[in-house]
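Enquirer: First the structure, then my questions, so here it is.
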Amino acid sequence: MGLAGRDLLTLADLSSAEVLEILELAATLKSGQTTVHCPKTLGLIFSKSSTRTRVSFSAAIMQMGGQVLDLNPNVTQVGRGEPIADTARVLSRYLDALAIRTFAQQDLEEYAHYADIPVINALTDDYHPCQILADLQTIQENFGQWQDLTLTYLGDGNNVAHSLLLGCAQVGMNVRIACPPDYQPQERIVAKAQQIAGDRAKVEILHDPIAASQGAHVLYTDVWASMGQEEEAQARVKAFTPYQLNQALLEKADPAAIVLHCLPAHREEEITAEVLEGSQSRVWDQAENRLHAQKAVLALLLGAI
């Protein structure tokens, strides 16, 4: 079964071979070895603020000869309570694909259930699959492989952590989540990652950031308070301060380690400016790769290649 016409709601929806197919295409699109003509219309429904995801999806479809419609919920009937089922069925008659950024994974899944076009997860509270595809592309660019590497994620066991668990497992890369005990990833997602990884990679949940960073090839962090968690910010700062990605922690990693952050970054909170702007940071390449990875996703789901 190919990817054309499929949804991308979580990386667990894909086989390892399909993840590799997306990443291979993303690399050839970036290098210019492959060009894709995809004169399709992509709709964006974003209930949360966005810079990289909104712009990279828009640029991706337009650079392939398509067009984008920004369907802000506040200026559509969705914002006035029209059922998702009705909206999804109607938009399927006008558009070729939907990229949706919303809070509840359940809402995204409802869109996918009723839509007759591909629905892409542009971030929910549970998952951020397109971000992790760009992350994996960045890692491969730097190391030429994923096997025998270890990625350590420092911070909240959130949507990014969940998708890193699944994505690393899909490509056979060891993954460690270093987090306070009260902020662990969901057990069902950890179990799914372990199932996918099998004996190809190790999936670990640790609470000691120093031990977790020891010998790692990739150190990765994210903001401590995500959108909608602002009231918890003070408690989160207290809990996550030991997990700050700073030079001392970076020195525990492999000498050739790279630093990733999905952005936006709060300097001197989850990451120091020294590390973010340092020679081992690949954050800006990582952000660029959102464009190439999402071009690959769109091209494959829309049957353009």
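Glycine is treated like the rest: Cβ placed from N, Cα and C.
Checked Swiss-Prot, it gives:
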BINDING   Ser50, Thr51, Arg52, Thr53, Gln77, Arg101, His128, Pro129, Cys130, Gln131, Cys262, Leu263, Arg290  carbamoyl phosphate binding site
BINDING   Asn159, Asp222, Ser226, Met227  L-ornithine binding site
Enquirer: Taking only the Cα atoms, work out how far Cys262 (carbamoyl phosphate binding site) lies from Asn159 (L-ornithine binding site), in Å, as a whole number.
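Expert: It is 11 Å, counting Cα to Cα.
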Enquirer: Below 8 Å Cβ to Cβ and six or more residues apart, same chain only. Which residues does that give for Asp222 (L-ornithine binding site)?
Expert: Tyr153, Gly155, Asp156, Asn158, Val160, Ala161, His261, Cys262, Glu270
Enquirer: Determine, to the nearest whole angstrom, how far the Cα atom of Gln77 (carbamoyl phosphate binding site) is from the Cα atom of Ser226 (L-ornithine binding site).
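Expert: Cα-Cα, rounded: 27 Å.
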Enquirer: Just going by other Cβ atoms within 10 Å, which of the binding-site residues Gln77, Asn159 has the emptiest spot?
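Expert: Each of the binding-site residues Gln77, Asn159 was scored by Cβ atoms within 10 Å; lowest is Gln77.
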Enquirer: Output, ordered by sequence, the same-chain residues six or more apart from Arg52 (carbamoyl phosphate binding site) with a CB under 8 Å from its CB, or 'none'.
Expert: Leu263, Ala287, Arg290
Enquirer: Can you figure out which of Ser50, His128, Cys130 (the binding-site residues) comes closest in space to Asn159 (L-ornithine binding site), comparing Cα atoms?
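Expert: Considering only the listed binding-site residues, the nearest one is His128.
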Enquirer: Take the C-alpha atoms of Ser226 (L-ornithine binding site) and Ser50 (carbamoyl phosphate binding site) and report the distance between them in angstrom, rounded.
Expert: 12
Enquirer: Of all the Cα pairs drawn from Ser50, Thr51, Arg52, Thr53, Gln77, Arg101, His128, Pro129, Cys130, Gln131, Cys262, Leu263, Arg290, the residues the record ties to carbamoyl phosphate, which distance is largest, in Å?
Expert: 32
Enquirer: Looking only at Cβ atoms, how many others are within 10 Å of the one on Ser50 (carbamoyl phosphate binding site)?
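Expert: Taking every protein chain into account, the count is 17.
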